[in-house]
Amino acid sequence: MSSQKQLEGMIFDVQSFSVHDGPGCRTTVFLNGCPLSCKWCANPESWTVRPHMMFSELSCQYENGCTVCHGKCKNGALSFNLDNKPVIDWNICKDCESFECVNSCYYNAFKLCAKPYTVDELVQVIKRDSNNWRSNGGVTFSGGEPLLQHEFLHEVLLKCHEVNIHTAIETSACVSNEVFNKIFNDIDFAFIDIKHMDREKHKEQTGVYNDLILENISNLANSDWNGRLVLRVPVISGFNDSDENISDIISFMHKNNLVEINLLPFHRLGESKWTQLGKEYEYSDKGDVDEGHLEELQDIFLDNGIACYVGHETAF
């Protein structure tokens, strides 16, 4: 009798020795798929669950006369200019399922940003790192939005807890109440993002309203869940750092007895990924958040009885 086929999940990265994604030294698993499309996103390759291609011009050897990818794309998405440089029609490329360009490239200039794992395969990768965690580490599921692949994630979480692996999640909480509650039954620690308290401004920069996000956070905070929750705010000057928005976050936290928040200053580390995906990065001219301003925001939270950590400074 054949065994039942295991669920597969799409993963775009697995990082060992992570020290900023929850208590202790951790393994962080990045799952594909996200309901948001934040204009500052550092991982835009994670937005879709299905595999898709990225192109790195810096890795491409077209200037040295390489032609191994010529004629490989049967869909007509790949052409070449007079300098032999690949030119990609992303509207055609986004529907590709064969990825001949990726398979032909010797230099990893074309690469896929999703890899399938079965439940057991991923759990084996996680367990492999367990000697690095010491006594207080574990696994953190990030993304993208890990809750989009909730069936796969649920099976992985169950197997992790079978062998007493501490589980954490980084999530936008932008999923149905049913999915959110089901997954959090097996979560020990959580970072949940709040991008903005105003629903219209939230939609303007992320593509979705924040009603479901705030509802899930509130429900979790008022449930019998016994894990640890830290809210996270990606601080972006001129978007969500106003006195009004900070005050609204504090009011929301007080209302729901939430006591910890992490302020993450905006950065442009993901800009090159947008280029590799053929996307325009609207935040290329956005400046860094002033350190003095971050300290002022931190003081406001502290003065209101909320533990506030800036950047990767956390109470682990």
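Backbone N, Cα and C define each Cβ position, glycine as well.
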Residue from HIS254, HIS267, HIS293 that Swiss-Prot also lists as binding S-adenosyl-L-methionine with TRP40, CYS41, ALA42, GLY144, ASP193, ILE194, LYS195: HIS267
Candidate sharing the [4Fe-4S] cluster 2 site with CYS60, CYS66, CYS69 (per Swiss-Prot), from CYS25, CYS34, CYS96, CYS105: CYS105
Secondary structure content of the domain '4Fe-4S ferredoxin-type' (84-115), with strand meaning DSSP E or B: 9 helix, 7 strand, 16 coil
Fewest-neighbour residue among binding-site residues, criterion Cβ within 10 Å, set LYS195, HIS267: HIS267
Residue, out of the binding-site residues CYS38, ALA42, CYS66, whose Cβ gathers the largest set of other Cβ atoms within 10 Å: CYS38
Under 8 Å by Cβ from GLY144 (S-adenosyl-L-methionine binding site), same chain, sequence gap 6 or more: PHE12, PHE30, LEU31, ASN32, GLY33, CYS34, ASN43, SER46, TRP47
Candidate binding-site residues CYS60, CYS66, CYS69, CYS105, pick with smallest Cα gap to TRP40 (S-adenosyl-L-methionine binding site): CYS60
Residues flanking the [4Fe-4S] cluster 1 site, with Cβ no more than 8 Å from the Cβ centroid of CYS34, CYS38, CYS41 and excluding those residues themselves: LEU36, SER37, TRP40, ASN43, PRO44, SER46, TRP47, GLY144, THR206
